[in-house]
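Per Swiss-Prot, the features are as follows:
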| type | residues | note |
| --- | --- | --- |
| DISULFID | C5-C22 | disulfide bond |
| DISULFID | C13-C58 | disulfide bond |
| DISULFID | C21-C126 | disulfide bond |
| ACT_SITE | H51 | active site |
| DISULFID | C66-C118 | disulfide bond |
| CARBOHYD | N74 | N-linked glycosylation site |
| ACT_SITE | E111 | active site |
| ACT_SITE | H115 | active site |
| DISULFID | C191-C225 | disulfide bond |
Amino acid sequence: TIDTCSSDSPLSCQTDNEASCCFNSPGGSLLQTQFWDYDPSDGPSDSWTIHGLWPDNCDGSYQEYCDDSREYSNITSILEAQDRTELLSYMKEYWPDYEGADEDESFWEHEWNKHGTCINTIDPSCYTDYYAQEEVGDFFQQVVDLFKTLDSYTALSDAGITPSEDATYKLSDIEDALAAIHDGYPPYVGCEDGALSQLYYYFNVKGSAIGGTYVASERLEDSNCKGSGIKYPPKSSS
């Protein structure tokens, strides 16, 4: 099991502590990233879907593919071996690959190999009685748990921003609606072809990335959307 950290562990990116199992560094800015996949449509029609959990450096740069020895090509079987069947079925629904279900596994592999291996607080050395790939299951569970606290679809809907073939929206209204579920901090809002496509919610973390305290923080990248006329196309029901 992962070692426990004290509740008064320092907050990442807010002090220059040495990296440790209880201090995320250099990747101290943790981003929970989401997709709105409408072309082709993916995931439930009334929910955004998971992209990942990324450890960005505190200046917005990032490392990637940090540990060749822990790159895996069998995420599904790792989770099954850990009896994480409920997690796996949730991921199939809310963490799908836009190219289709047969690509889900490669998408999950990509997210772990590129980003998960760079989270220093889930290194095997941070575990007691570690067993191989234990941190992989913990990573995917943590991403899902964090995603469940960030219901972007409902936050937008509560502000009157709903998928539509013809309505368009203002960036400031979108940001305000999403800031309401993120302690007043708007996420990065990403557009493609003038339509909503991605969200990045930024956090600093007290303690480990697994089970630590995620504290909403300012985004390190400005939206690439225009100020108004933003489309939010419905997902097709097929």
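For all residues, glycine too, the Cβ spot is worked out from N, Cα and C.
When the C-alpha distances from C191 (disulfide bond) to the active-site residues H51, E111, H115 are tabulated, the minimum falls on H51. In sequence order, D3, C5, S6, S9, T121, G207, S208, G212 make up the list of same-chain residues 6 or more apart from C22 (disulfide bond) whose Cβ falls under 8 Å from its Cβ.
Secondary structure at H51 (active site), as computed by DSSP, is strand. Ranked by Cα separation from C58 (disulfide bond), the active-site residues H51, E111, H115 are led by H115. Here H51 (active site) is compared against the recorded positions C13, N74, H115, C225, and the shortest C-alpha distance is to H115. In this structure the alpha carbons, written CA, of C126 (disulfide bond) and C118 (disulfide bond) are 14 Å apart.
Around C21 (disulfide bond), the same-chain residues at least 6 positions away in sequence with a Cβ under 8 Å from its Cβ are D3, C5, N120, T121, D123, S125, C126, S208.
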